[in-house]
Amino acid sequence: MNCAIIMAAGRGSRMKVNKNKQFILIQGKPILAYTIDKFQRSPLIDEIIIVAAESEINFCMQEIVYKYKFNKVKNIVSGGSERQQSVMNGLKAVKSANIVLIHDGARPFVDNKIIENGIKYAEKYGGAACGVQPKDTIKIKSEDGFSEKTIDRSKLFCVQTPQCFKYDSILKAHINAEKEGILATDDTMIFEMSGNKVYLYDGSYENLKITTPDDLYAAETLLKKNSIQ
């Protein structure tokens, strides 16, 4: 069984709106609904768990899950004060799974190939994450504002989601991080801190996370281009 955990508890202050960015409408439909739909349509996903702010759980259930008939959504759980705690709450809500895919609710352009490859590589290696190589030249900047070094971008990788893992392994890694007081920026970091390796595979430049007003404009353009419904 494969379970997708959709992270939708973040506020997104950089969007400069008075609502959760995942509930912003694009062509009359919430961003989160587009995201969930990608996993709803995947034949490899058996169930979906949404992690939302406690105050928004009822709205999420009524205005997204019921409204768009997402019958693979089995539970909506409340998030924690940090993303790491929110993921842990989502993992604890999983009743039975071989592979879990942890995905940003504000990343609606994930495609089925990315989902399929994530499951395939997680089964093979234990952990996998999609992403892309940076397009820009990357510099190390000194404290006084000058360039210190140019990084070989062929060795760099901008990690996206989904981040996919064998369920027992990522749960154990999160438990270890919690016990040791480790606060990580994403789940690959937590997985690696437990002595595991993460296989990195090709994502897509279109698999953007909607974080700023500019991202929202780009998403609207992509939506028109791809005719996502």
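Keep in mind that glycine also has a Cβ here, set from the backbone N, Cα and C atoms.
What Swiss-Prot lists as site 'Transition state stabilizer' is Arg14, Lys21. Feature annotation from Swiss-Prot assigns site 'Positions MEP for the nucleophilic attack' to Arg153, Lys209; the stated evidence is sequence analysis.
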Neighbour count (Cβ, 10 Å) for Lys21 (site 'Transition state stabilizer'): 25
DSSP three-state assignment (helix, strand or coil) for Lys209 (site 'Positions MEP for the nucleophilic attack'): coil
